[in-house]
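The carbamoyl phosphate binding site annotation in Swiss-Prot covers 55, 56, 106, 135, 138, 268, 269 and rests on sequence analysis. The L-aspartate binding site annotation in Swiss-Prot covers 85, 168, 230, and the record cites sequence analysis as its basis.
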């Protein structure tokens with residue numbers, strides 16, 4: 001098939017239409033069911049991580065290898081000319097784009113991935129997270145997991161818990177689910193980490209139902225998806241972190257009144273916000289969710305690097 005994502009930058013979930021998302025999810029499902037180990041043979045992909053990452057980097061690089069691509073890059077920008085010699089991000093991307101067919105990039109600065117597209121010479125840039133801004137590939141794997149567990153992406157009751165201010169995953173996921181009908185959002189966070197106003201305004205403009213809550217207990221019986229997040233220590237003042245981190249913790253007993261179809265998701269890493277007794281409940285799905293990252297990222301790589309895709 002001829003696909004609309006060929007040679008397209010994947011920077012924000014807003015860059016993708018509902019049809020784009022559905023296409024990528026279908027490709028991810030196909031690749032999970034039937035591996036394609038030579039789909040990106042002879043392609044070279046740069047894995048450029050200017051910020052620490054475990055799951056995103058490893059799943060992206062696993063996705064690249066399992067599609068047959070060659071991988072170059074770095075996991076620590078301090079060992080690059082940018083980190084050691086003061087080279088600009090623009091120059092770094094301009095050079096890397098001469099070597100590769102696509103660039104996967106994580107950076108602590110909001111907007112860095114969008115900036116990189118201006119200097120990539122048309123080479124597709126895939127945002128693997130830019131500060132507290134966007135994390136579109138995490139969003140795609142979240143959508144894939146919701147569809148896998150619920151059989152749909154519409155009429156979903158979803159609660160998002162914890163750090164809704166700095167947590168880029170919840171921003172992107174809310175924007176993505178807003179493209180599908182009938183979804184209902186429950187936001188559970190301390191005032192200091194509440195969902196940003198621009199997200200709430202977007203939901204209001206689209207007449208999408210949402211509500212703000214102080215505890216998981218208030219809504220657990222209504223939910224299809226419970227999306228937990230950690231309080232991000234690296235983005236908070238130490239005293240503020242200590243005061244906030246233990247306010248919203250999920251324990252197995254909190255799920256006593258849950259619907260049978262409920263799944264607990266988490267972008268990981270977790271710290272204290274999900275106790276280990278939740279791991280053995282039928283509701284826990286966060287490790288399978290992480291595994292789905294391979295297929296979601298394979299799908300995007302396959303689409304941006306193949307004009308016609310036959311699976």
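All residue numbers here begin at 1 and follow the chain in the order shown.
Placed from the backbone N, Cα and C atoms, the Cβ positions cover glycine too.
Taking the C-alpha positions, the distance from residue 55 (carbamoyl phosphate binding site) to residue 230 (L-aspartate binding site) comes to 15 Å.
On its own chain, residue 268 (carbamoyl phosphate binding site) has 55, 286, 290 as residues at least 6 apart in sequence with a Cβ closer than 8 Å to its own Cβ. Within 10 Å of residue 168 (L-aspartate binding site), judged by CA to CA distance, lie the following binding-site residues from the set 56, 106, 135, 269: 135. By a simple count of nearby Cβ atoms, those within 10 Å, the most crowded of the binding-site residues 56, 138 is 138. In this structure, residue 106 (carbamoyl phosphate binding site) is part of a beta strand by DSSP.
For the recorded site, residue 55 (carbamoyl phosphate binding site), the DSSP three-state label reads helix.
Neighbouring residues of the recorded carbamoyl phosphate site, listed in sequence order and excluding 55, 56, 106, 135, 138, 268, 269, comprise 53, 54, 128, 129, 169, 267, 293 (Cβ within 8 Å of the Cβ centroid). DSSP assigns residue 269 (carbamoyl phosphate binding site) to coil in the three-state reduction, outside any helix or strand. With 55, 56, 106, 135, 138, 268, 269 listed as the residues that bind carbamoyl phosphate, the site has a largest C-alpha separation of 16 Å.
Ranking the binding-site residues 55, 135, 230 by C-beta neighbours within 10 Å puts 135 at the top.
Within the set of binding-site residues 106, 138, 269, the entry lying nearest in space to residue 230 (L-aspartate binding site) is 269 (CA atoms). In this structure, residue 230 (L-aspartate binding site) belongs to neither helix nor strand by DSSP; it is coil. When other Cβ atoms within 10 Å of the Cβ of residue 168 (L-aspartate binding site) are tallied across all protein chains shown, the result is 23.
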